[in-house]
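After the structure tokens below, expect a handful of questions from me.
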Amino acid sequence: MSHDPMNPHLQSSADPSRSSEEIRQDFLQFFQAKGHEVVPSASLVPDGDGTLLFTNAGMNQFKDVFLGTGQRPYSRAVDTQKCLRVSGKHNDLEEVGHDTYHHTFFEMLGNWSFGDYFKAEAIRWAWELLVERWGLAPDRLYATVHEGDDDFGLSADAEAYDLWLSETPLPEERVLYEPSKENFWMMGDTGPCGPCSELHVDLRPPEARQETPGRELVNVDHPQVMELWNLVFIQYNAQTDGSLEPLDDQHVDTGMGFERMVAVLQGKESTYDTDLFAPLLQAMADRSPREEIRGYDDLHIEDDDEHEQVRIALRVVADHIRAIAFAISDGVMPSNEGRGYVIRRILRRAVRYGYQTLELEEPFLHRLVDPLIEKMGGPFDGLAEQQEFIEQAIRSEEESFLETLGTGIEFFERVVPHVTGFQDTDGEESDRLLGALREDAQAMDLLEKAYVDTDDENDILHSFARTARGGTLPGQIAFLLHDTYGFPIDLTRLMARERDLDVDMEGYETLMDRQQERARAASDFAVDQSDVQAWQSVSPGEASVFVGYDRAVVPDAEVRAVRVVETGDTQQYEVELSRTPFYAEAGGQVGDTGTLRFGDESVQVLDTQREGERIAHTVDTLPEPLDGPVEAAVDAERRNHIRAHHTATHLMHAVLRETLGDHVQQKGSLVAPDRLRFDFSHFDAVDEDTLRHIERRVNTAIQQNIPKQEARDVPIDEALDRGATALFDEQYGDRVRVITFDPDFSMELCGGTHVDATGEIGLFRFLSEGSVASGVRRVEAVAGKAALEHVESELETLTRARRQFRSLHTSLPEAIAEVQEERDRLAGEVDQLRRGQLSDQLDTFIAENAASVDGITVVTGRLDRASMDDLQELGQQFRDKLGEGAVGVLGSVGEDGEKAYVVATVADDLVDDGALRAGDLVGTLGDRLGGGGGGRPSLASAGGRDPEALDTVLDGVPALVRDRLE
């Protein structure tokens, strides 16, 4: 974002008209022509990988292949992978916007070989694409190779070095040996690893290149000498002792930053100057009221320090909307936990930049989704399919944060000058500043809210000053911004850094820990306080083998281990068996119950839970001896009810997605014998007609008696490739079970129990629909016997109601409507009588409550149980009875006791003289009642939420009139 974003030193290859879509497609087609399978991008949420918060590299979806635990039906692949780097080692958040090339969300182009080609082909094809196909100047390219590592016992990668010289025209002076930090890749402390070979480009002008050779600037973070492509040669397996063993199969893993490559090929100095970001920047410029960027199609803001914050803000928001929209499209909703909190932090960071720097005070981020989809909806169709949902999710978050953002910024701005004032001061100057802070009533009020550990003003002042002298914002301030105003800590740190201040993170984290401890203590009542003893072995052999998919009874199980569980005065036991038909609670499905028969003695299994690899059966008593065969029998009737509800959940999930959209993802569930509960991502309430449609569609699938198709031990990637639905945030193993009811209707990864055909369910009925969190809805429903009982109960209710109305009408809806009409008529008569009574009271009311203020008659008083409508209707009568030279104020507390109302009247002669206006009076009165109001100069009304203040407010009317007259 400068006056001339074109880089004149790449004109031989640069073509501003070459679109990012063409470049992306050209990369994929180049490798497809060389036998590579074009693979779609994986989700930003890694499938079954609990070690990653977000997908942050192209290799994530192929990790199982490198580890030797998975396979693909192809040995060569090419893709563009959505990536997000916002946490841990790979965290680019702080750099975003402050330079011209870091991003939170980015695309990684890559080509892959799984035991197929190796270094020679990877090097040759990289050169062919960059130089021969895309036309990059060869004399601007540098290659790096691994210099070796004594700690690993590795010599230099002479093979790669020689290949760069033999497969390309690169001279020796532009092939550089680099250390392991730059040129050796490891998946972790152990596992697949190998040397890297990188391609760098020198974009500097000729005079700069002559002055300093490019080889001296490789890998030193020079903005114009940058890495373009990393070729990783995976050929070793790191051992726990630090040694490296050669792999049987050698792999190639390459990664090219798409945004950076587009900038080079379009001849732009910044990735933000490319066509990937231009529509987003222009959309912001069009909406911002700041004159220096409005109307500038090319956004060429003056290059001076004054406008640097504007440039940073534009870049930050353009970057962040991509991360936010793509994350939501992949099922990550902004929240206070895990991945959701990361997205909420990014979103609030963007809103703050827009609000404070671009002066966008209304929700604006959601409006950037449309230009984003226009640019990227083609290769990533999930964006376009979920556009409305993404926009709703973002707007809801914006509106929520904007409610507190302005106040939080005012708080920050009020306190920060005092922090900077104390910086590096002592002695008399410090005493003077303490005095000034003490006199700043607003700042002191804020500090008293922040420093909750003391109410001593001197303690607060001196604690604040001690921290501030070091140029540090106190942790108490940061915590209040977080806890009261919703400021993520990294946003507060960013705002502090803009003022050259640090944040007292130790103090902040102490307060956060204390808050979490309080939350844990408050929920202790809900925590299992059981005293669980260690498992005691009973017999050796295989244990906890689940066979419940195929049978409900195991006649000859053996007890492998037991333990005692004490809860208060209650003692229970948990039993582990060799084989068991009992399903342990998982995936929302409750655990099985049933019996364990030890010879002639039976004990009830009250619950079944999983603990690691163990399946624990809870019983109240434990027979002796335990070393004989045990018959394990599931309560078959209860199991059947659970199966019906679980399969109904799958059918309903499929219909929800079919009806509401692909954005619907499961967020939680309960599958019990008597009901099901299902939480899913969706913003709007599901109306009654839509619920009935979904219900009918599920019942149609039940009537079709669709048979269950079950596939066990399926490689997870194969299952996903078939189109199976994986539940968001669920952790899966490498091999999974797939439950299908018609491949075109419902196919899910699932470990639960199901009916053999949908007809066994019988019936499905919704019970309720509502909201449980922002963007998350909940439905409750019943199936099978429970649904039949629910329908019977509804019919019984209707029958009783029909009996009640039999004398009125044979049609129940018409009878109810007739009663409602009569009720409304009588209510109207009651209202009319009440208002008549109030009107009759006015003469007495005026006589008893009149006072004189500077020759003006002022009448105030209460007419309780009068509504706002009552007061407004009486107001005109009141005014007419008072006549000239009079002011009247009537007050009332509503029937619910929660609100107070006032109506004010001012005679025409007083209005004409300009002495008094009813609207001015109720403005003050409404404010004193905790609300507001308005109206005409002669008649106005107000309301508020502080009914207890009404008498005081009315008593103050004469003084208010006197003040207005003066």
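Positions of Cβ are set from backbone N, Cα and C atoms, glycine also.
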Under Swiss-Prot, which of the candidate ranges 7-29, 927-949 is annotated region 'Disordered'?
927-949
Can you work out which residues elsewhere in the same chain, 6+ from the ends of the region 'Disordered' (927-949), have a Cβ less than 8 Å from its Cβ atoms?
868, 871-872, 875-876, 879, 893-894, 897-908, 911, 917-919, 921, 956
Under a three-state reduction of DSSP output, how is His650 (Zn(2+) binding site) classified: helix, strand, or coil?
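Reduced to three states, the DSSP call for His650 (Zn(2+) binding site) is helix.
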Could you count the residues of the region 'Disordered' (927-949) that DSSP puts in helix, in strand and in coil?
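The composition, in the requested order, is 5 helix, 11 strand, 7 coil.
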Show which residues of the chain containing His754 (Zn(2+) binding site), separated from it by at least 6 in sequence, have their CB under 8 Å from its CB.
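Same-chain residues close to His754 (Zn(2+) binding site) (Cβ under 8 Å, separated by 6 or more) are Arg643, His646, Thr647, His650, Lys708, Glu710, Ile739.
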Suppose we draw a 10 Å sphere around the Cβ of His646 (Zn(2+) binding site). How many other Cβ atoms does it contain, all chains included?
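Result for His646 (Zn(2+) binding site): 26 other Cβ atoms within 10 Å.
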Give the sequence-ordered set of same-chain residues, not counting His646, His650, Cys750, His754, with Cβ within 8 Å of the centre of the Cβ atoms defining the Zn(2+) site.
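What remains near the Cβ centre is Arg643, Thr647, Thr649, Ile739, Glu748, Gly752, Thr753.
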